[in-house]
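Straight from TrEMBL, the features:
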type	residues	note
BINDING	Gly24, Leu25, Asp26, Gly27, Ala28, Gly29, Lys30, Thr31, Gly70, Asn126, Lys127, Gln128, Asp129	GTP binding site
BINDING	Thr31, Thr48	Mg(2+) binding site
Amino acid sequence: MGLLFSKFSSYLFPNIECRTLMLGLDGAGKTTILYKLKLNETVNTIPTIGFNVETVTFHKLTLTVWDVGGQERIRPLWKYYFPNTTTLVFVVDSSDIERFSDAKEELFSLLGEPELANAQLLVFANKQDMPNAKNPAELTEILDLGSIKNREWFICGTNAHTGQGLYEGLMWVKKQMKA
């Protein structure tokens, strides 16, 4: 009986699959976020030269997350990861005030890419625990997110080390994938 209910339940409430591309400037915390989501641990990371890919499962949402390095010399390679992306996660270091304009420029360049036209946008305003970190409302203004009219987007404050805000972002992704 339990097996029958389990199969019926998975038919009614199927697992949602999502190809997720996680981008942002170097040092924003992309890899730390990826492994916090995957392992629920804070891992020591080194700058990503190339990419990391992991499958993350959260409440019947399965994300294949591509975490691509954010160094300036690697950014031209981002385009090779665009095909079939359903969710673009853009990670911003909320405390790196000097690089906000670079982050905004890269984000809007990504939003102009035809292969990402149908991707929803999740912005992680990371490092909320740092001194001088801008909160999500301030970053919405700084990054001009309000001007984005051609796609669904959401911003949430995060701390990759504690996990604060990460699951809020995933819940938004799940809700959007069901819509």
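Every residue, even glycine, has its Cβ placed from backbone N, Cα and C.
TrEMBL does not curate its annotations; it predicts them automatically.
What you are looking at is a predicted structure, and each value in this text was computed from that prediction instead of being measured.
The structure, with features from TrEMBL marked on it.
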{"residue": "Gly24", "record": "GTP binding site", "DSSP class": "strand"}
{"residue": "Lys30", "record": "GTP binding site", "DSSP class": "helix"}
{"residue": "Thr48", "record": "Mg(2+) binding site", "DSSP class": "coil"}
{"residue": "Gly70", "record": "GTP binding site", "DSSP class": "coil"}
{"residue": "Lys127", "record": "GTP binding site", "DSSP class": "coil"}
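Here Asp26 (GTP binding site) comes close to Pro47, Gly69, Gly70, Gln71, Glu72: these same-chain residues lie at least six apart in sequence, with C-beta atoms under 8 angstroms from its C-beta. For the binding-site residues Thr31, Thr48, the largest tally of other C-beta atoms within 10 A is found at Thr31.
Taking the C-alpha positions, the distance from Lys30 (GTP binding site) to Thr48 (Mg(2+) binding site) comes to 9 Å. Between the C-alpha atoms of Ala28 (GTP binding site) and Thr48 (Mg(2+) binding site), the distance comes to 11 Å. Taking CA atoms as the reference points, Lys127 (GTP binding site) and Thr48 (Mg(2+) binding site) are 18 Å apart. As a whole number, the greatest separation of Cα atoms within the GTP-binding residue list Gly24, Leu25, Asp26, Gly27, Ala28, Gly29, Lys30, Thr31, Gly70, Asn126, Lys127, Gln128, Asp129 is 21 Å. When Cβ atoms from all protein chains are considered, those within 10 Å of Lys127 (GTP binding site) total 25, not counting its own.
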